[in-house]
């Protein structure tokens, strides 16, 4: 079992398999050239697999595959299948923009993926183009429908931005509710790569908009997890991830392995342990030592409200968001 200095059990690891992405979203990397990562030096997935086997043996119960856009990484199906074969009890989930999901959904399901989280920030093609700099809505919606067809579980993630998509909160909720998919609204998380371009809505503002149409009956906050779950009068549940309004540091159970081999104990924490050499060499003892050291290094709280260091300079697409 992995336990940090504040007696939190760490049983969830987010793994970025690439920094590359075919979107340039306003809230992530809006000004990064599309060919910026063409020379990215990727960690071999078989080596990453060995690191994750160690993490599983030490008590990790959930692995999320992220990026960048993870569906751009070649050999992903096989990687997931090997992870699933190693321990079928571990939940394997993936976050994606959905652009390539239609052609990959069945392969991901067959490989053993438990669930896919799809970013859906608008149901209007022109807005998706404005937000992501990609004419992508048709592909993303088709990917969602194909996932439902093949039986792959889904959640939707929406970053709510003032004057951009905040007038679609109810429409997006209806879209998700009609398909029995949970949607999670996310407060915009500032980073130096998108800080000045976007203003987000806070949790209360999102709830006020939903309450204009629906009666919200109650809220529950899972012991572990980043989202609060709200229940409507008709029984439908949606989530809000509100790190600004109410951080979840006290119950945080996760660390991150970035695509460059750094183990990051917190998304909003600059210090990371470089495990690249150990992973490349498949040095089991060193990988285990560095994993445990990263758990010890995990801070009690993020630095969100620290005026001297609250906005991270490490982009989220490096650490997997």
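Every residue, even glycine, has its Cβ placed from backbone N, Cα and C.
Swiss-Prot annotates 64, 95, 155, 254, 255, 256 as GTP-binding residues; of 8, 14, the candidate listed for that same site is 14.
Take the [4Fe-4S] cluster 2 site that Swiss-Prot assigns to 249, 252: the candidate from 264, 266 listed for it is 266. Max Cα-Cα distance over the annotated S-adenosyl-L-methionine binders (27, 68, 119, 189) is 16 Å. Of all the Cβ atoms in the protein chains shown, 22 others lie within 10 Å of the Cβ of residue 95 (GTP binding site). For residue 256 (GTP binding site), the binding-site residues whose C-alpha atoms fall inside a 10 Å radius of its own C-alpha are 266, out of 21, 28, 68, 189, 249, 266. According to DSSP, residue 64 (GTP binding site) sits within a strand segment.
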